[in-house]
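Student: Starting off with a structure, shown below.
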Amino acid sequence: SLRLPGLSDSPFFFFLIHLLFLFQYQDKEEVVLWMNTVGPYHNRQETYKYFSLPFCVGSKKSISHYHETLGEALQGVELEFSGLDIKFKDDVMPATYCEIDLDKEKRDAFVYAIKNHYWYQMYIDDLPIWGIVGEADENGEDYYLWTYKKLEIGFNGNRIVDVNLTSEGKVKLVPNTKIQMSYSVKWKKSDVKFEDRFDKYLDPSFFQHRIHWFSIFNSFMMVIFLVGLVSMILMRTLRKDYARYSKEEEMDDMDRDLGDEYGWKQVHGDVFRPSSHPLIFSSLIGSGCQIFAVSLIVIIVAMIEDLYTERGSMLSTAIFVYAATSPVNGYFGGSLYARQGGRRWIKQMFIGAFLIPAMVCGTAFFINFIAIYYHASRAIPFGTMVAVCCICFFVILPLNLVGTILGRNLSGQPNFPCRVNAVPRPIPEKKWFMEPAVIVCLGGILPFGSIFIEMYFIFTSFWAYKIYYVYGFMMLVLVILCIVTVCVTIVCTYFLLNAEDYRWQWTSFLSAASTAIYVYMYSFYYYFFKTKMYGLFQTSFYFGYMAVFSTALGIMCGAIGYMGTSAFVRKIYTNVKID
């Protein structure tokens, strides 16, 4: 046999060999049936260990060790060996693998599970299988347990490509009796290619429905209309503004004093004044830019690679990409803080680096207490918490520091087209609908309108039993959201500046970020009218993580709106002559 000195004994060599032969079997080789979780059908996230119900274990004990990934640990994957003896291409006739000694306590546990429509999940060769625990009779007086697992496994060459489970053997639950659990395995040749084996779990009729296509088309038409409208209004209005300001340049001082001075030119000495609370503001902008970068990269990766085929891979990818894109946060947040004259840049860097992780971890920590109380599999282990903290302190923070230093040195100089006056100009009174608070409330309606249909599909894939796979749709929606957000914030800012109110930084950010309020309000509608969730754990999990999702979306939209508006403001004040 060929041996490479130093390489053959290394872990990396064995890792490569493992990847090379992953999912390939020899005849009679052991195939592992993993028992994952069990829980109520209507509460997808409320899951418990399979053997938290008094199921019995098969007789086979020896099994190679299973290593879970970070994404699996965070998602509550609890794989336990079933004890069933299954070998590749080796049929098993119906056989009893264990016996349940059903006392009153065990019967009550099964009855509770059946009343709450519990079902369980198993894995063979990373292919998920679902089965229901039992059922009640029509009167709800007698309860029955499914005791026979009939497995049909399809193979193509030396690989498993299909698994089906049929639950049979309905046995009435009577205290102080013995219930025999049995199984059988039937192997059959299949024409399904290994690369296509997950296609049966997808739902094209749902995700590629005409409504989905129509919503994309509708949003796209909204973008064309908005961009055209904004371009027409701003080009015509700005042309008139420039003509008026040019005419004023030709007037003598007496005529200029007698003329009516109004419009956005009058605030040229204050428009580039630093925003209030620049430390928080720049941290939010930096975090929003990072969330946008993460969203873009993860969607592109998901379009190229089928991340849904591996447990926890989407979450693991998102965590890795978030950590890797930390310099983006530092660069944009640090450079903006420097341009606004901020001096406490180290404090800004810490706040920018830990703003999103603190929000996510704080919510997870709160929900974790409830999960521990319920003994749910979603309870995050202490080791996983330590791993996440290490990522924050030893990966995210140093990379954020690198980005902050680069941002301060490369684009931290305040090169504004207009000089900032020493004394702030008083803001005149204006109509109620021109107040920043009103603009902020109205600013999020159109961006939300462009994405709310897609929100339904995303919510359904996360909170119900659908696998989201149409990431091309998601990419289109992200592009549409960016364009609509920028257009809306530019119009809002133009009206605000025309009313001689120079507080455009926070207004542009918050008017775009208010999209989050409408998304969170929609999540209430979705919870009460589109799901049948119940219980403290599932409700707190739903509204807790929907708050995190909505806030992150709001910060991203706010950053996009501010960046687009900032370019617009800089452009119009560069093109006008200022004394």
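Using the three backbone atoms N, Cα and C, a Cβ is placed for every residue, glycine included.
Checked TrEMBL, it gives:
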SIGNAL    1-28  signal peptide
TRANSMEM  211-234  transmembrane segment
TRANSMEM  279-304  transmembrane segment
TRANSMEM  316-338  transmembrane segment
TRANSMEM  350-374  transmembrane segment
TRANSMEM  380-402  transmembrane segment
TRANSMEM  437-459  transmembrane segment
TRANSMEM  471-497  transmembrane segment
TRANSMEM  509-529  transmembrane segment
TRANSMEM  541-563  transmembrane segment
Student: Between the transmembrane segment (350-374) and the transmembrane segment (437-459), are there three or more CB pairs that fall under 8 A, provided the residues in each pair are separated by 6 or more in sequence?
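Tutor: Taking Cβ pairs at least 6 residues apart, the transmembrane segment (350-374) and the transmembrane segment (437-459) are not in contact, as fewer than 3 fall under 8 Å.
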Student: Please identify the stretch among 350-374, 380-402, 471-497, 509-529 with the greatest number of Cβ pairs below 8 Å relative to the transmembrane segment (211-234).
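Tutor: Between the stretches 350-374, 380-402, 471-497, 509-529, 471-497 has the largest tally.
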Student: Under 8 Å for C-beta pairs, could you tell me which stretch among 380-402, 471-497, 541-563 has the largest tally with the transmembrane segment (509-529)?
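Tutor: Of the candidates 380-402, 471-497, 541-563, 541-563 scores highest.
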Student: Under 8 Å, at least three CB pairs between the transmembrane segment (380-402) and the transmembrane segment (316-338) (pairs 6 or more apart)?
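Tutor: Yes; at least 3 Cβ pairs under 8 Å.
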Student: Should anything in the same chain at least six residues away from the transmembrane segment (316-338) have a Cβ under 8 Å from its Cβ atoms, list it; otherwise answer none.
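Tutor: Answer is 69-71, 278-279, 281-283, 285-287, 289-290, 293-294, 297-298, 301-302, 307, 345, 348-349, 352-353, 356, 388, 391, 395-397, 399-408, 410-413, 559.
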